[in-house]
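Copied over from Swiss-Prot:
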COMPBIAS  370-379  compositional bias 'Basic and acidic residues'
CROSSLNK  K200  SUMO2 cross-link
CROSSLNK  K223  SUMO2 cross-link
CROSSLNK  K248  SUMO2 cross-link
CROSSLNK  K372  SUMO2 cross-link
CROSSLNK  K418  SUMO2 cross-link
DOMAIN    280-351  domain 'RRM'
MOD_RES   S5  phosphoserine
MOD_RES   R33  omega-N-methylarginine
MOD_RES   S44  phosphoserine
MOD_RES   S127  phosphoserine
MOD_RES   T140  phosphothreonine
MOD_RES   S204  phosphoserine
MOD_RES   S215  phosphoserine
MOD_RES   S217  phosphoserine
MOD_RES   S244  phosphoserine
MOD_RES   S275  phosphoserine
MOD_RES   S383  phosphoserine
MOD_RES   S385  phosphoserine
REGION    370-393  region 'Disordered'
Amino acid sequence: MADISLDELIRKRGAAAKGRLNARPGVGGVRSRVGIQQGLLSQSTRTATFQQRFDARQKIGLSDARLKLGVKDAREKLLQKDARFRIKGKVQDAREMLNSRKQQTTVPQKPRQVADAREKISLKRSSPAAFINPPIGTVTPALKLTKTIQVPQQKAMAPLHPHPAGMRINVVNNHQAKQNLYDLDEDDDGIASVPTKQMKFAASGGFLHHMAGLSSSKLSMSKALPLTKVVQNDAYTAPALPSSIRTKALTNMSRTLVNKEEPPKELPAAEPVLSPLEGTKMTVNNLHPRVTEEDIVELFCVCGALKRARLVHPGVAEVVFVKKDDAITAYKKYNNRCLDGQPMKCNLHMNGNVITSDQPILLRLSDSPSMKKESELPRRVNSASSSNPPAEVDPDTILKALFKSSGASVTTQPTEFKIKL
C-alpha cells in the first residue's frame, strides 16, 4: 500500500461516510434526491474548500501547550547566565559610577549645623552664674583643656641655645573663687580647692630663656568648653631631640615649675621620619583633560577619609589618604581602571617606596614586617657603627646554616634515633 498523506486519508473517509448515508436514493423526497445529484456534481469543489479550511498544523499550533505555559528555549537561559555578559555588565567606566552617584545624591539633604566653639564660649561668658554655683549634691567632673605647641621638624638642625631646657606649667582655674588671673608664684594653699578645669602648657628647648621675669607675669584664662587646639609656631625653633625622646609620651604634669637642664650631646644626622599624621600619598596619571578636582574628590572619598586631593595639572592628580589601608584599597580599586575612556595609572608612595601601576605585587612585599625591620635597623645601629666596624660574614657559614652544607666537602656523621612505643 502506497503512502497516503493525511489530507487524502481524511478526504476519502469523509466521502465514504457520505456515500453510506445516501446509498438508498429512493428513500426520501424529491429534494433529497436532487441534493444527492448536486452533491455528486460539486464533490470536487467541496474537497478543495475543505483543504483550504482545515490544516492539521494550524490545529497543533492553536492548542500547543508550550505557548500557554510560556516555556522558553534553553539556549536563551544559557545566554542569560553566560559569564561574559555578567563581566560586561559589572565592569563599567568610572564616569558612569560618578554620574549614578550624583543622581542618587540629588535628594536635598538638611545641612548639618556645625557649632563654632567661639559662639559657645561667648554664651558661657554671658551666663557665668549657671556655672559658678553648681547644685548641691552633684559632683562636677574635672574637664581638661590642652594646648599643644607643635614645633616643625625642618628647623630642628639649628639649635638656639647650647643647653636645652624643658618647662612645664600647670594652671588651675577655680570657678568658685571667681578669679581669672593667677600668679605663678601663688602658694599651693590658694589653689587647694577642687578644680573644675585644668589647662596644660607644654614647651621644650630654649623656650625658658625667653621667659625672663615669668614669675611676675600673669596668665589670663577664659571660661571655655573642653577643647583641644593645635597651634603651629613657625617662629619658634628648637634643637633636634633623639627619636626616643621625641616619641616618648608626656608624663603627668605637676603644679610646680620644673627646669631641667641636660648636658649637650652630639647627635648624628637626623633622618627624615615619616609621620603617620602626614598620611599616605597616591598620584594618579593618564587622566582625561576634562577630569576636574571635584571628580577626583568624589571618586576617591568612597575608599576612605582624604587629607587632601588636588589636580596638579591637567592629566595628573594627587590624593593623600589619612589611613594607609584606605590608600591601598583605592590603589587596588582604581589602578588601570578607565575614567572617560582612559585607564588611570596610580602610583602609591608608601614607606619611602613608590609602587607604580605596573608593580601591584609590591603591595604584598611592602607591608611585610621584614621591610619595617630593615628600615628601623640603621637608626638603631648608628651609634654602634661609629665605634665598631661591621663584621664580615663568611658565605660558607651562611650556606652551612641554611642548607647544612658548604663549598668544601664536610664529613657527615650518622645520626641515631631511639623510639620507644
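For all residues, glycine too, the Cβ spot is worked out from N, Cα and C.
Since we're looking at a predicted model, the values are computed, not measured.
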For this session: Starting from the Cβ of K418 (SUMO2 cross-link), draw a 10 Å sphere and report how many other Cβ atoms land inside it.
Result: 4
For this session: Write out how many residues of the domain 'RRM' (280-351) are helix, how many strand and how many coil, based on DSSP.
Result: 19 helix, 30 strand, 23 coil
Problem set entry | Rounded mean pLDDT for the residues that make up the domain 'RRM' (280-351) | 91
For this session: For K418 (SUMO2 cross-link) and S5 (phosphoserine), determine the Cα separation and express it in whole Å.
Result: 94
